[in-house]
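Student: Before anything else, here's the structure in question.
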């Protein structure tokens, strides 16, 4: 089996015990299986939930707290307990772990996004196993973030993973809730996430987690768009993750055909960047960009909205108001208003610029 880069996401329901916080038995089972992946020569990243579940009992809560302050207090206590438990278990296999706590802002800010990419790459080059969690104790987003499901998809795209394995307490995707419907049909393989499939998932999570099957389907759709195939399911024992790679996993495989990888900069533009303005373009420019993969030139710009600086991300729309994509603009809004509709040779005659693309195709994402 060739070396692969694997992101494994373990949810609260697959890790925690409702009475004791962290289930040592379940955690040991996961670590043993992750160690087997490493033993087979694969690069492994772990996205783990469970900080809130690990910490609430230590603070004297009888069950998972429902208030924001309670959840964040439990996470502040639980994150250190969770990481300590992982570190001790992985040490038995001679595996060095590294902790990364991320928030949504780490993805939306380009410099921090690039730093996360560089750090993860260096850790993998050094054979460490990164353990990643949302920074629950300060981030409100995590509490409605889908139990780290979307985080796992975004990380898998960032590191150009070969596969994302989302482990939960349900063995795959069904056309109905299998706990309530005996005739529920299981999907063993889905080539893509269609609107029909997305509509089948409910919103409810487990008692310990915040993410239901809907968040997992949304995460799978995002991962596929980034060139990463997905497995959603469950399992026990040391071979469970290796079995997934062999096609023997107890769950649903989603889009396991080779996917087209999206480069890091385009991932940031597509999924994380903040839109600072809008550019309206004519039909000829829209055709050149969408059908022929060309860069956007000033001649095709008909209107500029907003106040943005060089390098900021803008939406591009047709004269009919349809948004066709977004990209990093090489002009400020003020500069672009001055040259919109002008041919490149006329701008060149001014002697003001060396580059004339408004948005270069390498910094463009179609929507």
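The backbone N, Cα and C atoms fix where each Cβ goes, and this holds for glycine too.
Okay, so Swiss-Prot annotates it like this:
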- 9, 168, 169, 210, 211, 212, 213, 214, 215, 216: ATP binding site (BINDING)
- 49, 136, 148: substrate binding site (BINDING)
- 276-350: domain 'PUA' (DOMAIN)
Student: Between residue 215 (ATP binding site) and residue 148 (substrate binding site), find the distance joining the two CA atoms and give it rounded to the nearest Å.
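Tutor: Distance (Cα to Cα, whole Å): 9 Å.
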Student: For residue 215 (ATP binding site), just give me the three-state DSSP call.
Tutor: helix
Student: What is the separation, in Å, between the Cα atoms of residue 169 (ATP binding site) and residue 49 (substrate binding site)?
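Tutor: Cα-Cα distance, residue 169 (ATP binding site) to residue 49 (substrate binding site): 13 Å.
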Student: Is it possible to get the count of other C-beta atoms within 10 angstroms of the C-beta of residue 213 (ATP binding site)?
Tutor: 21
Student: Do me a favour and check the Cα-Cα span between residue 148 (substrate binding site) and residue 9 (ATP binding site); whole Å is fine.
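Tutor: About 8 Å separate the Cα atoms of these two residues.
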Student: Where does residue 9 (ATP binding site) sit in the DSSP three-state scheme?
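Tutor: DSSP call for residue 9 (ATP binding site): strand.
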Student: Restricting to the chain of residue 9 (ATP binding site) and a gap of 6 or more, list residues whose Cβ falls under 8 Å of its Cβ, or answer none.
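Tutor: The answer is 46, 47, 48, 49, 148, 149, 151, 152, 164, 165, 166, 167.
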